[in-house]
Structure formats: structure tokens, C-alpha cells
Amino acid sequence: MRSRLISIVLLVFLALSLIAGISLIFRAQEEEISWRPAVIAREGIGVVRIHGPIFIDASEGMFKTVRGAGYYVNRIGELLRDRRVKAIVIRVDSPGGSIGAVQELYAAILEAREKKPIIISMGDIATSGGLYISAAACYIMANPGTITGSIGVAVGNINFHRLMQEHGIGMEVIKSGEHKDILSAWREMSEEERELLQALVDELHLQFVNAVAAGRDIDIDRVKEIADGRIFTGTEAMRLGFVDRLGGFNEAIDVAMEKAGLKGEPVIIEKERPFWERMFPGASGGGGVSRLLRQIEDSHLPVKFIYHFPLGI
Amino acid sequence: MSGIDIIYGLFANPAAVIGKVSLDRRFNLAFFVVIISVISSSIGWLLIFPWNITPSLFIVILIFRAAFPLLLLFVICGILSIVANFYGGIGKGSFLYAIGCFSLIPYWLMTPVALLLSYLEPGIASSFFFLARLFFFLWAVGLFTIGIRETYVFSQRKAIATLLTPAVVCVFLIVVFVLLISIVALS
């Protein structure tokens, strides 16, 4: 009788262990967090690295992972949900990107900073869209020689009109409206179209200026003064109020620790890179300017707008 | 003997229980022991070495992991039965097969152990987890050896000899094979 009772207790204990184990495994996976008490006990700083041009979609092949705004937005969300993460450092090393992608990332960072301190650490370059997303953070750090700025919008296209005329080649286009083939490579741009595009560029530029002014809490006229596309160094950016402090990634971690109220050796919480990325270090990050432009080409838009420096189109 | 008594006995008094089980194969209970061992072992592994896995993939892995020891035991028990008969034992391979399944019962404790180890630092936890696996393996081998002894009704020494003989023969054959390959390559 006693042995039977012990057996039942043992079996119940085992069943509970199995249920607890399986629920921990799948819950941890859903929330992208570690459930281990020893790991949970270690609070730290979440790190997201934004490298290369920023565009909307991410793709993951067998040997190459290309990360888009969606990936970064999700990663920031995961770090916000992770109970261990007390502050987030976003390492920005980007020349900018497509407008939609940059604005999505800006919105995500702006929302995130209401929940946890977000610190930007600018690397070599954080121009145009790179500066746009940085402006959403609580605190921005840059190296003295970081290239930043380039507040502006660019649109352009190659035009073969004269070349075609010289060779007697023409392009017949049937269109539903006058401006349907705006920025066509095969004909000259009309004055009306130029005005239309300029108005569009001005509107997007104003959105950029407003975003930087709102994110940095700077007077909009002050931003407009230098929002002519010029680039500047980290030191100059600090003087202009776009950067809070000069320093590298480690200093940014220290600031994050301070803002999070953490002491001691910093614990970095960063998503482990996939196996293939570790095997082939070049097989990750942004897709490069060519990919960005290809994606914009593939978007079937007749007009190509980017927050990107250098222009490259 | 009821199933609960057998399970308790395998932990508390293995020699006596295995002696009784060796007379009655109880395949249903034996397969149940294997399935729970595989589930517990897999969950324990995933707790210590987190891996992104979907529930459906987890079930597929469980099926394969359950099939593997069942098939492997089938082959091992067949070989050991021949060896045991060679050493003068009287018993059937199918009875040993059931005992082999029962001997996996220590792996039931893998999940509770993994849950306890999770309180340690990940690196230390994984080291202790490997030690625990080794301990459970040796425990299972011990139970299996008792099973051989009880099934074929001979001494413990012969049971150990039965277990080791195929391994020794395998090593011997590999050595002979390597030597032959070397001789052919050099000549």
C-alpha cells in the first residue's frame, strides 16, 4: 500500500514535470525569451544592430539573410517584451533607405522609448534615413567622425530621350492620364510634372524635418536651417543638437546601464545570429544599395523616392 | 503485479521486480516506459539546449526517437540472446526485449533533473546535464544486466560477459578490418 502511494506521487510529480517542461519550452519560444531562472536573474541591455540600407522586406535564403525594417521592428518588440532587458541600444550604421521602411522603424522606436530607454549608437555613418530613425530615440551617441546629416529626399531617373532622338527611336505609350508615365526614361519631363514632383519631394522633406524636430525636441525652424541635404560630422551634429554625447558603442552601453539603473558588468542581450551567418560572416546585414534600388524598382512605382545618402541613382 | 508496482519496483527494488517481469513480458507497459523515457529525455534536452522547434516538429522527433531505441533494442536483444544461449543461458530474446524496454526507466527523470539544473548558469547546467545523462545510461545498463541475468537464469558474471562479448567482437573485427586495409594498401 505504501509503495503504491509512493509510486502514484512519483508519477504525478513526473507528469507535472513533463507538463511544466513542455510549456516552458514552447512559451519561451513564442515570447523569444529565456525562461531559465539563472538567465532571467541577469538583467541587461538589449542590442539591435541596423547595418546597411534600410528597406521594407527581409528575406532569408539558405546562405544569406537580408534584414529589412520588419525584422528590426520585430526585434525591438521582442526586446521590449523580454523581462531581462532594461534598456535597448540600437547600433546604427546606415546611409538611410526607402521612405516607408524608415518611417516604420522611426514609429517603432518612438513607441518603444515610452516603455524602455532607447539609446542610439551611431557607427561610421548615420545619414538621411539613418538620422531619421535615430531621432526617435531618447539619447543619441556618435563618434566624433561619424558621418551624419543629409536631411532630405531625393528622386530621379535616367533619361534616354535625347539619345533615342539621335538614333531615331521612339516609345509609344498608351496611358490613362497625363502623368501616368511621370519620370519616364523615354521622354522629357514637362514643367508641370517637375512642379508636381517638387511638391511631393517638399512634402516628404517636411515629414523628415518634422520627425527630426519632434524626436529631438528641437525647434522646427532650426532643423530647416540645416535641412538642405548637407552632411556633417558627429562633433558638428552634437553642436547642432542632433547628438547628445560623443562616444562609441561601449560608452552607449554605459549610458544605457546608467539610464536603466543597472550596476556592475554590463550583460548584453543580443539575438544569436543564425548558424549560416556565423559560418559565413558576409552573409548578413542590409542588402546594399543595389538591392535597395532593385527593391524600389520592383515596387512598380513610377517615381523612386529615398531617404538615402549618397544618392546613387 | 500491477503496472504501478512494477514501476515502483524498478526504482526501489530492481532485482526482484526484473526477476518477476522476466517471467511475463508485459509489452504494453514496456512500450509505455520507452515512450515516457523518450518524451522526458527530449524535453530535458530542449530545456538545457533551447532550440526553436514547432509542436508538430517536436512530435515528429518524438516518434523517430521512440522508434530508434525500440528498433535498436530489437537488434541488440537478438544478438545478446544468441550470446546468452552460447554461454548456457535458458531464456527467450522476446523476454529480454521487454526487459530492455523497462531498463530505460531511469530516463524518466531527465525532465525533473533538467528543471532543477535550470537554476544554474547555462554553461554549468549543460555540463551537469551530460553527467546526469551518463549516470542514467549506466543505471539503464545496470538494469539491463540484471535483466539478462534473470531472463537467462545464470550468474551476474555471465550476464556481464554476455553484454560485453558483442562489443569486444565488434572492436576485434574493426581492428582486423583496419589491419587488412593497411596491409592491402601497403602491398
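Every residue, even glycine, has its Cβ placed from backbone N, Cα and C.
Because the structure is a prediction, the values reported are computed rather than measured.
TrEMBL has this to say about the protein:
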DOMAIN    B:9-176  domain 'Yip1'
TRANSMEM  B:30-51  transmembrane segment
TRANSMEM  B:57-83  transmembrane segment
TRANSMEM  B:95-120  transmembrane segment
TRANSMEM  B:126-148  transmembrane segment
TRANSMEM  B:160-186  transmembrane segment
Going along the chain, which residues at least six beyond the ends of the transmembrane segment (B:160-186) come within the CB cut-off of under 8 Å?
76, 79-80, 83-84, 87, 89, 141, 144-145, 148, 152
Where else in the chain does the transmembrane segment (B:30-51) make close Cβ contacts, counting only residues six or more beyond its ends and a cut-off under 8 Å?
3, 7, 58, 61-62, 65-66, 69-70, 97-98, 101-102, 104-105, 107-111, 113-115, 117-118, 125-126, 129
On the domain 'Yip1' (B:9-176), the mean of the pLDDT values is 88
